[in-house]
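Taken straight from TrEMBL:
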type	residues	note
DOMAIN	11-360	domain 'Acyltransferase 3'
TRANSMEM	12-30	transmembrane segment
TRANSMEM	36-60	transmembrane segment
TRANSMEM	81-99	transmembrane segment
TRANSMEM	182-205	transmembrane segment
TRANSMEM	217-241	transmembrane segment
TRANSMEM	253-271	transmembrane segment
TRANSMEM	283-303	transmembrane segment
TRANSMEM	345-363	transmembrane segment
Amino acid sequence: MHKHLTLRHIPALTGLRAWAFGLVLLDHWVPIFHHVLMAGNGGVSLFLVLSGFLISRLLIESKLTNTSFNDYLLHFYRRRAQRIFPLYFLTLLILLLAGNDVVRQKWVYFFTFTANYYLINNPNSLLDHFWSLSAEEQLYIFIPLLIWLCPLNRLPVLALLLISCSCVFRGGAYYWKGEPSWWPFSYESVLGCLDCYGIGLLVAYLQLIKPQWASQFFSSALVLRTLFLLWLTVLLLGIYWEVSGFGAYCNPVTAVSVRLAVALFGGYLIGYCHQSLGRWGGYLLLNPVFQYLGSISYGLYIVHNLIYNAHMSVIYPTRYAWSEIEQLLFSSNSTTIIQHHTLELTFYFLLTVCLASIAWYALEKPLLNRYTTKPKPSLILSSRQ
């Protein structure tokens, strides 16, 4: 049976990357999306579920080929290194040359992918988004080992254990960590991300090992909408809890439920993307704009917070550049506050896309094309895993 498994590139997942990045962007650039809607939590959680699915799919396929343990690890880590390292370390080098004090003084955290543990207690608006890259690299240390050691038919049990451990960790962080750092500790620690990877692993297992069952299970638009509404309901209940005076929005219940709700929706959506999406699904995930943004989403994620965020000083280079452009193009009374802010964010977004595009065509894509081997005819793998 395993000889006939087909692992194909799913274009809709590229579109999903674009939406995940969009949520992160809104969180960092528009304060209401951070303080009220937790858009960044949603976007990063979608990225983590998608990453969990893709790497689990790659690892299970590698395990099914009866490869040696050394080749299994070498194949995985080589792919991850060529995908993550070049742009990440180039960005750190540029920040060092630009005189960034945090990277210069705390370089060990950033160059060893442990920045999340520094940022938990030392938030930095310019560099905060690097926490997720650190958490992912830490997950890459033990996820391949767990999948290799776990019998194939026990992978769903492993997935459920990862989900359970993560939920217990996030809920318990309030009690053993305490204020003020318990929330970022529960959110940015590697253990707090395990449920996303567990759900991604479960979806990958079903798609590879139980494809007929998966095809039926992931075909319900009603279930997909229900899970999306569950995500929104959890957010709204958290808001209601705070505005009604019952307690803080950031509490153990929301620490557990928000990311879990996003992960459940994201996991089902990944499975659903293997089916025919229909007109609206195609429009939202397969249109050329989202396909392109999804293909450069790693670069977008790396640079967006360095271009602009809601906490930046007006003398930051990109903000200063915009003020000069605005003076040249517009009179002081020609735009409303909303128009002014919209134009400013549009400028930063276009600049972000330009830089990410340069990184994609000059660095990422050539390396992927150079080091990605052609798959066997019976095993068609995504080149962007």
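Quick reminder: no glycine exception, Cβ is built from N, Cα and C everywhere.
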To the transmembrane segment (81-99), which of 36-60, 182-205, 217-241, 253-271, 345-363 is linked by the most Cβ pairs under 8 Å?
345-363
Which of 12-30, 36-60, 253-271, 283-303, 345-363 has the most Cβ pairs closer than 8 Å to the transmembrane segment (217-241)?
253-271
Take the transmembrane segment (253-271) and find every residue of the same chain, 6 or more past its ends, with a Cβ under 8 Å from one of its Cβ atoms.
13, 16, 38, 41-42, 45-46, 48-50, 53, 163, 167, 170-171, 173-174, 183, 186-187, 192, 195-196, 199-200, 202-203, 206-207, 214, 217-218, 223-224, 227-228, 230-231, 234-235, 238, 241
Sequence gap of 6 or more, Cβ distance under 8 Å, 3 or more pairs: do the transmembrane segment (182-205) and the transmembrane segment (36-60) meet that?
yes
Same-chain residues at least 6 beyond the ends of the transmembrane segment (283-303) whose Cβ lies under 8 Å from its Cβ atoms
11-22, 24-25, 47, 83-84, 87-88, 91, 129, 273, 277, 352-353, 355-357, 359-360, 364, 384
